[in-house]
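Participant: Quick one: structure below, then a few questions.
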């Protein structure tokens with residue numbers, strides 16, 4: 001048995017973002033069952049415009065995966081007869097039975113039963129039927145963020161659903177059912193009502209209103225008035241209101257469940273109206289009516305803001321956040337030069353409006369990045385700096401980053417971008433981070449440092465091995481895809497040769513038969529068989545290569561999955577290790593001892609092994625502090641010096657200093673922050689009471705922990721060599 005479907009070709013690579021998605025690679029062929037599009041309310045002809053459909057569910061013939069993929073990433077090829085999938089099929093949404101029509105085959109086996117009329121199921125002050133309330137509460141509890149809710153049919157048969165609906169509401173335990181069974185039971189409930197929630201009696205008047213009233217707001221008010229007519233029991237209006245509240249809650253989570261007002265109206269309009277067969281125009285009017293009702297519910301019920309995470313200690317907004325004269329380094333929400341991965345970790349599972357600021361990854365002087373939580377995702381906003389002014393876009397009007405942030409703590413960012421209708425509510429404070437180190441003596445902390453460093457090194461080696469395998473597999477897959485394309489071209493050429501040869505061979509065989517030339521007939525047959533055999537060999541080779549490619553693609557996805565699972569552990573282990581290392585450094589532990597715990601064998605730096613560092617030139621600030629010098633002068637002073645030669649100067653960034661150091665024969669520059677907690681290169685390392693203390697620490701500690709390109713210590717003060 002086969003069904004009708006559509007074929008699409010991937011135009012771009014797509015890496016899946018959700019569990020139900022599938023990966024796409026350029027050129028992949030995908031098949032979508034026609035029934036799945038019909039179930040979502042799409043009509044014939046729309047399949048040719050996948051970008052208008054949005055997300056499609058189908059089968060990737062290249063990789064053998066089934067799941068969702070974006071319509072904007074594919075192009076339509078044509079129709080195809082397909083076999084329905086055998087493992088856990090995803091059937092199209094069943095259509096409701098129109099009044100007066102015969103039941104489906106599945107339903108003929110069941111007794112024709114309906115629920116009591118809504119007017120008989122409850123009465124005010126109740127707001128809806130008890131069973132309906134219990135069903136929707138369970139669905140909202142379990143499946144509010146489920147991306148397949150109301151789109152995927154459960155495995156329960158009609159008899160089981162009917163049995164669930166016939167239960168006594170107070171006694172039934174809905175926790176034993178998953179969200180898809182509950183969703184099917186809800187749909188079955190609406191379908192089994194003797195009359196639809198929006199009565200048939202208002203259908204004709206409603207269609208007239210749709211054509212006569214152009215204003216959406218006026219139409220909604222008249223539609224509500226129509227449904228609340230004295231001729232219709234009040235329970236119908238109360239039930240509709242309760243359903244709209246449910247749809248409103250679902251649409252609030254549409255970034256995760258994909259159920260916006262339009263999608264919900266397409267799914268439920270037919271069962272809310274349950275009208276006789278109508279034209280497509282009328283159907284669209286009814287879908288639009290439900291969409292407007294849900295949207296009106298949205299506008300009438302603005303959601304309360306999410307509660308912020310409770311901070312360890314209260315912070316006074318008046319004293320802290322709203323002080324425009326505060327230095328940027330002292331702002332609790334400014335984290336300096338931290339990575340995007342660390343930002344994502346700090347903002348994970350936080351409320352909308354949570355934010356922090358870091359240095360821009362472009363490293364342009366004075367540019368920063370605001371990361372803001374909105375709609376469950378992180379939004380990155382560039383803060384530009386030009387001519388002493390700051391802002392998100394031209395014209396730049398704020399005198400400082402602090403003033404900019406304070407402004408948007410009171411005003412919505414919708415002023416800047418209409419899609420960012422949120423304020424900067426909850427700063428991620430660098431002063432309120434959890435204390436990682438729990439041990440209370442140096443030896444115990446050192447042992448823990450050794451354990452975490454060992455785990456970090458093992459994870460790093462595993463990640464590096466997987467990355468090499470990932471790169472190699474990616475290259476091999478690309479080569480095999482190229483080879484398959486070459487096979488396809490070759491087969492096409494041979495087949496083009498085969499067709500005319502068959503025609504000519506047939507003519508010549510007839511001719512030689514008449515002449516009795518058996519030898520020529522045998523030669524023609526032999527050549528024809530040889531060509532056919534060659535085509536078969538090429539097709540077999542292509543098939544084997546396609547099987548290899550399919551296996552390797554599965555391996556490739558598995559490697560990628562393992563890499564993604566390791567990466568968060570790697571980041572967390574590094575952060576924990578660095579916290580222990582920082583704690584020991586603050587306690588004055590010597591680098592030699594730290595190297596033992598870290599397992600560092602390279603301890604040949606002439607300063608790192610000196611037991612008594614009193615003779616170090618670093619103690620004399622005049623050997624490295626050059627005062628108000630600029631970048632060009634610093635580079636001239638350090639040009640030609642050996643790696644590790646350094647100086648410290650005042651930075652063009654107000655209130656900060658800059659360290660210039662020779663690395664791999666080049667002069668590099670990095671900012672030294674001056675904050676309320678001390679000097680340092682980045683949070684949470686701004687803890688040195690003076691520049692001298694910072695220089696002495698990094699005399700034996702590499703700067704690589706702050707910047708991968710700075711694998712060097714502050715070994716040689718620029719003027720120390722001249723004084724020897």
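Just so it is clear, glycine is given a Cβ too, placed from its N, Cα and C backbone atoms.
According to Swiss-Prot, the N-acetylserine annotation covers 2, on the basis of similarity to another entry. The feature domain 'SH3' is assigned by Swiss-Prot to 3-79. The region 'Disordered' annotation in Swiss-Prot covers 80-109. The compositional bias 'Pro residues' feature in Swiss-Prot is assigned to 84-97. Look at Swiss-Prot and you will find 113-301 tagged as domain 'Rho-GAP', backed by sequence analysis. What Swiss-Prot records for 151 is site 'Arginine finger', and it gives sequence analysis as the kind of evidence. Residues annotated as phosphoserine in Swiss-Prot: 154, 279, 608. Annotated domain 'SH2 1' per Swiss-Prot: 333-428, in sequence order. Look at Swiss-Prot and you will find 467, 580 tagged as phosphotyrosine, backed by similarity to another entry. What Swiss-Prot records for 624-718 is domain 'SH2 2'.
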Participant: Could you please provide the mean pLDDT value for the domain 'Rho-GAP' (113-301)?
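Facilitator: That stretch averages a pLDDT of 78.
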Participant: Out of 467, 580, which has the highest number of nearby Cβ atoms, where nearby means within 10 Å of its Cβ, if these are the modified residues?
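Facilitator: Of the modified residues 467, 580, the most buried by Cβ count within 10 Å is 580.
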Participant: Give the number of CB atoms, excluding that of residue 151 (site 'Arginine finger') itself, located within 10 Å of its CB.
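Facilitator: Cβ-Cβ neighbours of residue 151 (site 'Arginine finger') within 10 Å number 22.
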Participant: Rounded to the nearest angstrom, how far is the Cα of residue 151 (site 'Arginine finger') from the Cα of residue 467 (phosphotyrosine)?
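Facilitator: Distance between the two Cα atoms comes out at 37 Å.
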Participant: Just the number: how many Å between the Cα atoms of residue 580 (phosphotyrosine) and residue 151 (site 'Arginine finger')?
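Facilitator: Spelling it out, the Cα of residue 580 (phosphotyrosine) and the Cα of residue 151 (site 'Arginine finger') are 49 Å apart.
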Participant: Give the three-state DSSP assignment (helix, strand or coil) for residue 151 (site 'Arginine finger').
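Facilitator: The residue in question, residue 151 (site 'Arginine finger'), is coil (DSSP, three-state).
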